[in-house]
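Q: Here it is, the structure in full.
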Amino acid sequence: MTERIGKIQTIKGLIEKDELGITHMHEHIFINYLDYFEKPNEQELKMCCLGGGSGSGNSNSNKTIEDLSNEKISLINNHWVQYNYNKNLHNLQLNEMEIAIRELEMFKRNGGSTIVEVTTKGIGRDPLQCLKVSQELNINIVMGAGYYLDKSISQFVQSMTEKQMEDEIVKQCLIGIDDTSIKAGIIGEVGCSFPLTNNEKKSLIASAKAQQRTGLSISIHPGRSQTAPLEIIQILKDSGADLSRVIIGHIDRTIHDINILLETAKTGCILEFDLFGMEISHYPFGGEVGMPSDNQRIEWIYQLIKHGYGENIVISHDIYTKHRLVSYGGHGYSHILFNIIPRMKKFGYSDTDINNILINNPKRLLTIIK
């Protein structure tokens, strides 16, 4: 165990922390999000049927709801999929090796070094496929341990005790994920609904206990309420978690009040703005607040830095659907590096601010401490 201390666990093995480089702390390379599919309705079908006009031969007015659900992303349905990304089955799976390599090669070409792949139990985690990507491109991939939302894990954990869940998380970190020898380098993303379910509370407590045994950070998927992060933080604190190594993800779709952001930051946890590039006027999964623009994200982070929380911030894209990949008309894994960092500099971010967000904070969080 002592050989792990001070190093970072990647999919290919332990690396020195200075090998990490520019890091996106919350991404998915392979994922199956079909549990969260919602069937389109008749009104949406009418909106998506593009008539070709008399004699054009291009009319798709006979399209059915099943067609709309199953058809591949194209120029014709691209906007509808962006607006209703949970209603197209093709969109809800990242499962194409060739495209994964192409997309992440672009990330590497733009200066990226490390992807934290936080797909966990219940949503199609695939360490062997991720290993192939890492080997092909020579980029670092850090895998996640633990359990996602109750909807995806109840079949696995309903009869498990907190201790059994804790032991399984530790096994994924110290021995290997599933039937592989590939070890996780972070706990999470740990799925939390709002309100929390009993299984999710067990998962949180198990994750806190596993952190004490592995020396890893915890990455949280909070429920969609501005009060959810503080409730989760309290449960983790009561269970012995090191809050300075707890990352509250999806902050940008969860808290839009600067005072609540500051209250959350005061706990010592890490605030993760991980939905850069997702700028939609309609957020299918709802919640108390909508989806902000990248400009809003940049402004909120800047305010947090000015309040002294520059070492408590990490960023990412959380790509988990095809429509956000460049191959399907989206922004891809390089959006932050190619578009956002220049905008941050124009906004007034210093080089130190940016290096902390992209390199130093991830390095500290991913370094194993026991």
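Just so you know, glycine gets a Cβ as well, placed from its N, Cα and C.
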Q: Looking at divalent metal cation 2 binding as recorded in Swiss-Prot, which candidate out of His221, His282 goes with Glu189, His250?
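A: Record source Swiss-Prot; matching candidate: His221.
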Q: Looking at Swiss-Prot, which one out of Asp294, Asp318, Asp351 binds divalent metal cation 1 in the same site as His26, His28, Glu189?
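A: For divalent metal cation 1, Swiss-Prot names His26, His28, Glu189; of Asp294, Asp318, Asp351, the listed one is Asp318.
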Q: Around the recorded divalent metal cation 2 site, report the further residues of that chain (criterion: Cβ within 8 Å of the mean position of the Cβ atoms of Glu189, His221, His250; site residues excluded), sequence-ordered.
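A: Same chain, not in Glu189, His221, His250, Cβ within 8 Å: His26, Val118, Gly188, Val190, Gly191, Cys192, Ser219, Ile220, Pro222, Gly249, Asp274, Asp318.
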Q: Please report the distance from the Cα of His221 (divalent metal cation 2 binding site) to the Cα of Asp318 (divalent metal cation 1 binding site), rounded to the nearest angstrom.
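A: That separation, Cα to Cα, works out to 11 Å.
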Q: Using a Cβ-Cβ cut-off under 8 angstroms and a sequence gap of six or more, which residues of the chain neighbour His250 (divalent metal cation 2 binding site)?
A: His221, Pro222, Glu272, Asp274, Leu275, Asp318
Q: So which other residues, same chain and not among His26, His28, Glu189, Asp318, have a Cβ within 8 Å of the centroid of the Cβ atoms at the divalent metal cation 1 site?
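A: Leaving out the recorded residues gives Glu27, Val116, Val118, Thr119, Ser219, His221, Gly249, Asp274, Ser316, Ile319, Tyr320.
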Q: Fewest other C-beta atoms within 10 angstroms of its own C-beta: which of the binding-site residues Glu189, Asp318 fits that?
A: Asp318
Q: Test of understanding: give the count of other CB atoms lying within 10 angstroms of the CB of His26 (divalent metal cation 1 binding site).
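A: Other Cβ atoms found within 10 Å: 28.
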Q: Once the DSSP letters are reduced so that anything not helix or strand counts as coil, what is His26 (divalent metal cation 1 binding site)?
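A: In the DSSP reduction, His26 (divalent metal cation 1 binding site) maps to strand.
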